[in-house]
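Data first, discussion second: the structure below is written as structure tokens.
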Amino acid sequence: MSRPQQITVLGATGSIGLSTLDVIARHPGRYQVFALTGFSRLAELEVLCLQHRPRYAVVPDAAAARHLQEGLIAAGLSTRVLSGEAGLCAVASDPAVDAVMAAIVGAAGLKPTLAAVEAGKKVLLANKEALVMSGALFMQAVRKSGAVLLPIDSEHNAIFQCLPVDYAHGLARSGVRRILLTASGGPFRETPLPALAQVSPEQACAHPNWSMGRKISVDSASMMNKGLELIEACWLFDAQPDQVEVVIHPQSVIHSLVDYVDGSVLAQLGNPDMRTPISHALAWPERIDSGVAPLDLFTIARLDFLPPDESRFPCLRLARQAAEAGGTVPAMLNAANEVAVAAFLERRIRFTEIASIITEVLNLEAAGEAGSLEAVLAADRRARILAEQWLERHGR
Ligand code: NAD
Ligand code: MG
């Protein structure tokens, strides 16, 4: 029997990280945890280390590393604890690693994810922000290293499953007319528009179909998540923004569709549980049990579809404009959104002000070329400063 594949889980303490570990634990002969990383909830990271006995663990700083190291030694584990971005990049690119789950949230995941790509790993991409920020560079690095990039976002995983194997030769050559990216519409799909200014972080994080981290939950409520996914789809599948249509599908059973020129439309369906795309990508091109219940079409009974309303969801329009503008604009959109979402979660701004902040940042800052990582990171920093200035000027 072949040796178990060595897996690094970046962002192991998060929603995707935990679902990944759930799948891995179902297949002990097939996968072994090489490294686990966490940024907060370090007591939980320690418990995960005891369960999965990784070769490495990574925490934010040296003090946290000493603390965790002592705890693990006391428990009789030989796990080595590293810290900071250098530690994350090391466990993402270690020669002994076969696959890396990139599940850190936000721009913080960019460098470790890129390190995995540059090392030619099998990269399971949940951290969409990394690709949104650095799309051209990221995809160039994939081509250069021969990394195998597999989408974890349920929509992109669905699209990947519905495309022909040689789709990289071009969507048009594959006979693809358009990609239909489904969206649940989130918790505020039917909230009266004037009430949107009053919604709380708790309401925004109460997603009707998915249980996720707080940042992506707010993004789903504003539909910025779908906007980021539109940009993500353009890079992953070499599509133009106008080839990607967003369809509101409140049940989250169809995870996306591909529309072909002959009138065929292929869809991937399943219960809304991230262990399905995680298992698909982990085992690809094989299939393994994920622990997800079989889909019961008779219980679901009906599937609804609606066009998105951009007056309700201005973030979706902003993201489409950023996709069309290209260059550093998606990185600025993402950075402004990260600052605005954090401020909303801290109750410093209203939900509707997320879009106001992003609009202002994109209006103030000229677009640039995203030709180097330095240019991307500079655009990210500049957008964060402008977003912070908005907060200061409005006394938040
Ligand atoms: P989460 O908040 O539950 O977990 C985030 C993880 O990142 C945690 O392990 C946290 O410790 C780590 N982290 C946070 N800040 C960090 C930093 N500065 N440096 C290093 N590590 C840091 O988030 P999540 O819901 O698991 O989402 C993770 C990523 O997956 C996001 O990019 C999200 O958009 C994407 N995604 C999530 C889902 C989902 O269902 N949760 C679905 C599709 C895509
Ligand atoms: Mg998604």
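FYI, residue positions are counted from 1 along the chain as it appears here.
Glycine is no exception: its Cβ is also placed from the backbone N, Cα and C atoms.
These come from TrEMBL:
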type	residues	note
BINDING	THR13, GLY14, SER15, ILE16, ASN127, GLU129, GLY213	NADPH binding site
BINDING	LYS128, SER154, GLU155, SER184, HIS207, SER220, ASN225, LYS226, GLU229	1-deoxy-D-xylulose 5-phosphate binding site
BINDING	ASP153, GLU155, GLU229	Mn(2+) binding site
DOMAIN	7-135	domain '1-deoxy-D-xylulose 5-phosphate reductoisomerase N-terminal'
DOMAIN	149-237	domain '1-deoxy-D-xylulose 5-phosphate reductoisomerase C-terminal'
DOMAIN	269-384	domain 'DXP reductoisomerase C-terminal'
Among all chains shown, work out which of the binding-site residues LYS128, HIS207 has the most CB atoms within 10 A of its CB. LYS128
Could you tell me the mean pLDDT over the domain '1-deoxy-D-xylulose 5-phosphate reductoisomerase N-terminal' (7-135), as a whole number? 98
Spatially, and counting Cα to Cα, which of the binding-site residues is closest to ILE16 (NADPH binding site)? Options: LYS128, ASN225, GLU229. LYS128
Including all protein chains displayed, how many Cβ atoms other than that of GLU155 (1-deoxy-D-xylulose 5-phosphate binding site) lie within 10 Å of its Cβ? 27
Under 8 Å Cβ to Cβ from GLU129 (NADPH binding site), same chain, six or more residues apart: give me those in sequence order, or none if nothing qualifies. VAL105, GLY106, ALA107, GLY109, LEU110, LEU228, ASN334, GLU338
List the binding-site residues THR13, LYS128, HIS207, ASN225 whose Cβ sits under 6 Å from any atom of ligand 1, in sequence order. THR13, LYS128
DSSP, reduced to three states, assigns GLU229 (1-deoxy-D-xylulose 5-phosphate binding site) to helix
